[in-house]
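A short write-up of the structure that comes next.
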Amino acid sequence: MILPNASSGCGGNLTGLSYGVFTSPEFPNRYLQNQTCSWYISPHRTSYFKFDEVSAGLDCDTSYVAVYQGTLDTDPLISTYCNVANVSPRQFSSSIMVQYISTGNGTAPVFKFTFAPTMNELLIWNVFLQNFCHQLKVKEGLNDFLGGKYCGALTPISLKSTKNTVKIILETSALSSAATFTLTFAEQNRICGGFVNASSPSQVISPGYPNTYGQPVLCSWLINVPRNNEIQINMTNRLCSGGATLYVTDEPLVAAGQNVDLCDPSLHDPFYSLSESVKVLYNGTSTSKFSLDVSTAGCQRSYSQPSGRIFSSGFPFSYQNNHNCTYTIQTANNTSVALYFREFNLEAHPNCVYDLLTVKNSSSQVVATLCGRTLPNPVFLRDNRATLQFLTDISVGGMGFDQFFK
């Protein structure tokens, strides 16, 4: 796929484009100092952006690239970039502004920026390849992979969908003899799956629960809560015998998203989504069953597994103002807690008086007070309990934080 080269000058308006690539002025060479260039992007649908490279010398205080959630530099800051490579893609669904800043006597930034729709959008390309054999593809709904790619003379296995639409694609080349096939299909009653509104507490259960269903089954649920909220899923009962799986996936699955098999016996903490939608896919056996409680997540959260992931509400987008969230970690006796940060972007202040993350030990003593946009060093506690408190004020924000504990 070739994306349109939207701009390589000093700024531009890219409103309405679905795809695009632009670079710093005179890329890959460095541009003049004391320049500020702004690009405005307003997609028709949920999209992602990524930097292939951001190289700005050593002075990141005066030369960097900033991305804002809006069209002004007073809008929420998504992140700043300086001296990084292979930046993870970030999702956005409304207007953003990319600002190139080069002031003072530092080295001017050099970067390449790409944006495109997220992977869950319906995208169709006609691709013509030489030496390409005939094949038949089966997809569920409009674009979800269901069965596979079939060619040759062997009869494929039977398939059962979880949706009411199946897409069948026959691809042929001009280099070999004509392809033929026949297939039959039949309507069946849906025994499980569907849509769940978790704005009020709800339950998702396997077919026949509390009994097992007695035969293999494939089910899919899409769970939603109101916008700017997250979903909490509690496993209340599970019997994952015979190789059953129960995957919970952030929808859409962006770079920071989660894809977790709740049949993993080491998992017993609640699942917290990154956004307002998750997909639950159950591949059940004749002897498996499960029960889930689903609801809108709050930001007072507890963790008791040996290891896990904690992220601020709204991550990887801007967190909300006036938040007071607490994350409590309690691991096994005779162990100690360690915190490792993957992403960190809060409002900066020398004394952390605006937005801050504090870490306390089991005696409620403050072990660390963190803010700003520099990735903190790991935090090591002496015992098995840690309390993290995330406080935000009435203005300015950032992406938040993403960390692991063990």
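Each residue, glycine too, has its Cβ placed from N, Cα and C.
Per TrEMBL, the disulphide partner of Cys219 among Cys192, Cys240 is Cys192. All protein chains included, Cys37 (disulfide bond) registers 20 other Cβ atoms within 10 Å of its own Cβ. Cys10 (disulfide bond) sits 51 Å from Cys219 (disulfide bond), taking the CA atoms of both as reference points.
Cys192 (disulfide bond) sits 53 Å from Cys37 (disulfide bond), taking the CA atoms of both as reference points. A straight line from the CA of Cys37 (disulfide bond) to the CA of Cys219 (disulfide bond) spans 49 Å.
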